[in-house]
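**Student:** Submitted below is the structure of interest, expressed as structure tokens.
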């Protein structure tokens, strides 16, 4: 199955990425992607865009040539209290908030500290998706984070790039996460974590993980635009009229 939704992409505003939103729209049309989120790194990353980049995201059209664009961020979990680098002005302009651990902001800690930080980030109610929770550099209590994600209605990501060129060794953890989320009745999100437009929508390896554990298709945010949009509305985000036809 070729999914039509990608929740995790980076533009050249994150200067270790290489494509514009225009590039992503063109690639989306080529691949049949009907909705994607632009989720550049939060400002505490060394080469991330300024907070104004996110505050001004209101200028991004909702629809371009039949492709829907969600305004988002991949925020950084900053400490064990679950604080993220996304202030209220930024949050007010964003449709979707991803958050995860990045070594440049939060150095890897022991399993208990990492787990506490991740759960606290979910508990605060600002984050919709936890990115690459299977990163072996940040060990966590997988069952505890899956239960917390189900409790706080947060999706855990199966990150496709983790199996290709980053976060080596994530496959075993991601399989365990998929099983734990399945058993807890929670949500998963598959993200390409694309840093160049050509990998937009590349979710095949994430899908293979879900297939291996018989993960229920109706608990995958990428299943359709409407599933993702309904999930975001269930988390308090407003209805977006421009997406009514998706």
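Residue numbers in this text run from 1 along the chain shown.
Yeah, the Cβs are placed from backbone N, Cα and C, and that goes for glycine too.
The Zn(2+) 1 binding site feature in Swiss-Prot is assigned to 8, 10, 74, 193. Summarising the annotation, Swiss-Prot assigns Zn(2+) 2 binding site to 16, 41, 195. Positions annotated as Zn(2+) 3 binding site by Swiss-Prot, on the basis of sequence analysis: 74, 102, 132.
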**Student:** Using the centroid of the Cβ atoms of 74, 102, 132 as reference, list every other same-chain residue with Cβ within 8 Å of it (recorded Zn(2+) 3 site), in sequence order.
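**Tutor:** So the additional residues around the site are 41, 76, 98, 99, 100, 101, 131, 193.
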**Student:** To the nearest Å, how far is the Cα of residue 41 (Zn(2+) 2 binding site) from the Cα of residue 10 (Zn(2+) 1 binding site)?
**Tutor:** 7
**Student:** Which residue, of the binding-site residues 8, 10, 132, has its CB surrounded by the fewest other CB atoms within 10 A?
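**Tutor:** Fewest other Cβ atoms within 10 Å, among the binding-site residues 8, 10, 132, is found for 10.
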**Student:** Would you list, in sequence order, the binding-site residues among 10, 102, 193 whose CA lies within 10 Å of the CA of residue 16 (Zn(2+) 2 binding site)?
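**Tutor:** Within 10 Å of residue 16 (Zn(2+) 2 binding site): 10.
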**Student:** Within 8 Å of the Cβ centre of 16, 41, 195, which other residues of the chain have their Cβ, at the recorded Zn(2+) 2 site?
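**Tutor:** After dropping the recorded site residues, what remains is 10, 14, 15, 17, 40, 45, 47.
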**Student:** For the Zn(2+) 1 site given as 8, 10, 74, 193, which other residues of the same chain have their Cβ within 8 Å of the site's Cβ centre?
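**Tutor:** Filtered neighbour residues, in order: 9, 39, 40, 41, 98, 131, 191, 192, 194, 195.
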**Student:** Distance check, please: Cα of residue 8 (Zn(2+) 1 binding site) against Cα of residue 195 (Zn(2+) 2 binding site), rounded to an integer number of angstrom.
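**Tutor:** Per the Cα atoms, residue 8 (Zn(2+) 1 binding site) and residue 195 (Zn(2+) 2 binding site) stand 9 Å apart.
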**Student:** Looking only at C-alpha atoms, tell me how far residue 132 (Zn(2+) 3 binding site) is from residue 193 (Zn(2+) 1 binding site), rounded to the nearest Å.
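**Tutor:** Roughly 9 Å, rounded to the nearest whole number.
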**Student:** Can you grab the distance from residue 193 (Zn(2+) 1 binding site) over to residue 102 (Zn(2+) 3 binding site)? Cα atoms, rounded to a whole Å.
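**Tutor:** Cα-Cα distance, residue 193 (Zn(2+) 1 binding site) to residue 102 (Zn(2+) 3 binding site): 13 Å.
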**Student:** Nearest to residue 102 (Zn(2+) 3 binding site) in three-dimensional space, by Cα, is which of the binding-site residues 10, 74, 195?
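**Tutor:** Nearest listed residue in space: 74.
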**Student:** Rounded to a whole angstrom, what is the C-alpha distance between residue 195 (Zn(2+) 2 binding site) and residue 10 (Zn(2+) 1 binding site)?
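**Tutor:** Pair distance, Cα basis, whole Å: 5 Å.
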**Student:** What residue among the binding-site residues 16, 102, 195 has the most other CB atoms lying within 10 A of its CB?
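**Tutor:** The residue with the densest Cβ neighbourhood is 102.
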